[in-house]
Amino acid sequence: MKDKIVLAYSGGLDTSVAVQWLIDKGYDVVACCLDVGEGKDLDVVYQKALDMGAVECHIIDATKEFSDDYVSYAIKGNLMYENAYPLVSALSRPLIAKKLVEIAEKTNSIGIAHGCTGKGNDQVRFEVAIKALNPKLKAFAPVREWAWSREEEIDYAIKHNIPVSINYDSPYSIDQNLWGRANECGILEDPYAAPPEDAFDLTTPLEETPDNADEIILTFKQGIPVQVDGKDYQLDDLILYLNQLAGKHGIGRIDHVENRMVGIKSREIYETPGAEVILKAHKALETITLTKDVAHFKPVIEKQFSEQIYNGLWFSPLTDSLKLFIDSTQQYVEGDVRIKLFKGNAIVNGRQSPYTLYDEKLATYTKEDAFNQESAVGFIDIYGLPTQVNALLHGGYSNEQ
């Protein structure tokens with residue numbers, strides 16, 4: 001009886017070739033494909049896995065779990081790796097690993113295989129997550145082991161009659177889920193080359209976007225968007241709706257050269273229309289609902305949290321602690337944010353909250369002003385006292401310093 005290996009199967013080039021490669025190595029392949037909101041035809045993927053030679057294929061709709069348990073933290077934590085990348089692919093990897101482990105345990109498989117290369121981040125994310133969830137399972141990385149070039153891999157696929165939607169002229173590597181779309185390889189590997197329009201799918205070119213803006217109101221409850229223009233949405237449906245609406249206006253294109261875990265720089269093209277709108281609105285609401293010290297400290301946690309996810313450490317004690325902190329800040333992040341969508345921009349035009357810390361009577365310069373300006377004298381004296389003492393001791397600062 002052959003040993004079974006669960007393969008994270010997408011139906012793309014790498015994993016389709018991996019099925020045949022693992023079979024050649026003497027294993028029975030149990031394919032597993034997750035839907036995390038990419039809109040893929042899973043019936044086609046299911047049949048393709050079996051046609052490739054997999055003995056089983058498990059299709060799992062994890063879109064709602066992805067939005068509620070993972071994307072929700074990206075929103076509450078304003079998560080952006082290197083202040084640019086909203087963790088599109090990285091955010092889905094721990095969930096995918098979790099489901100792969102469940103299937104491996106259910107089918108008595110000896111290990112889990114993935115289609116990641118030896119120079120990417122995902123190999124680390126998957127294998128570290130698998131070790132955290134079930135350290136007895138072995139990890140297999142066919143693409144890393146065969147070390148073929150993209151062209152050699154395509155040749156192998158053609159030789160074994162493996163259908164792939166990729167060619168020598170357009171060898172993009174695409175990953176998509178509810179939170180956005182990531183694209184790399186091909187001409188995109190030249191960081192100076194402008195991305196051609198065929199590298200994009202979720203967003204309209206600026207030249208073709210509507211000449212009239214759309215203005216929407218996002219309503220948040222405990223840091224999570226729950227309504228658009230007064231209409232209730234589940235989080236996954238809300239993101240999909242905003243992907244379509246904001247994408248129509250060309251919002252959410254990101255051209256980023258990022259620092260990978262393995263030490264190289266990689267040029268990535270991301271499309272995150274819904275994410276950009278939600279994150280901008282969420283940050284705007286936090287400006288009136290968080291105290292000054294929390295607002296100033298939270299970005300420190302956000303940066304660490306983003307790096308934990310990017311570096312494949314979702315299942316770790318530190319990440320658990322960071323999640324608790326983020327949750328504790330969101331109790332009063334509730335209210336409405338008005339945001340205009342126009343020509344590639346998501347523009348915040350207003351925000352309100354029943355828990356606002358913004359007091360118009362204290363902020364105004366009209367006759368309604370309730371701020372006691374006489375208090376400023378004593379405040380300045382106390383606040384400036386260390387500076388004054390230092391200046392008296394050392395003779396003050398000269399204009400040349």
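Glycine too: its Cβ is placed from the backbone N, Cα and C atoms.
The ATP binding site annotation in Swiss-Prot covers Ala8, Tyr9, Ser10, Gly11, Gly12, Leu13, Asp14, Thr15, Ser16, Gly115 and rests on sequence analysis.
Positions annotated as L-citrulline binding site by Swiss-Prot, on the basis of sequence analysis: Tyr85, Asn121, Arg125, Ser173, Glu258, Tyr270. Cβ neighbour count for Glu258 (L-citrulline binding site) (all protein chains, 10 Å cutoff from its Cβ): 16. Under the DSSP three-state reduction, Glu258 (L-citrulline binding site) is assigned to strand.
Cβ neighbours within 10 Å of Asn121 (L-citrulline binding site), excluding its own Cβ and spanning all shown chains: 20. What Swiss-Prot lists as L-aspartate binding site is Thr117, Asn121, Asp122.
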Fewest Cβ neighbours within 10 Å, where candidates are the binding-site residues Ser10, Thr117: Thr117
Those same-chain residues, other than Ala8, Tyr9, Ser10, Gly11, Gly12, Leu13, Asp14, Thr15, Ser16, Gly115, found with Cβ within 8 Å of the centroid of the ATP-site Cβ atoms are Val17, Ala18
Out of the binding-site residues Tyr85, Tyr270, the residue with the smallest number of other Cβ atoms within 10 Å is Tyr85
Cβ-Cβ distance under 8 Å, sequence separation of 6 or more, same chain as Asp14 (ATP binding site); the residues meeting this, in order, are Gly115, Cys116, Thr117, Val143, Glu153
In sequence order, the binding-site residues (Tyr85, Asn121, Asp122, Arg125, Ser173, Tyr270) whose C-alpha falls within 10 A of Gly12 (ATP binding site): Ser173
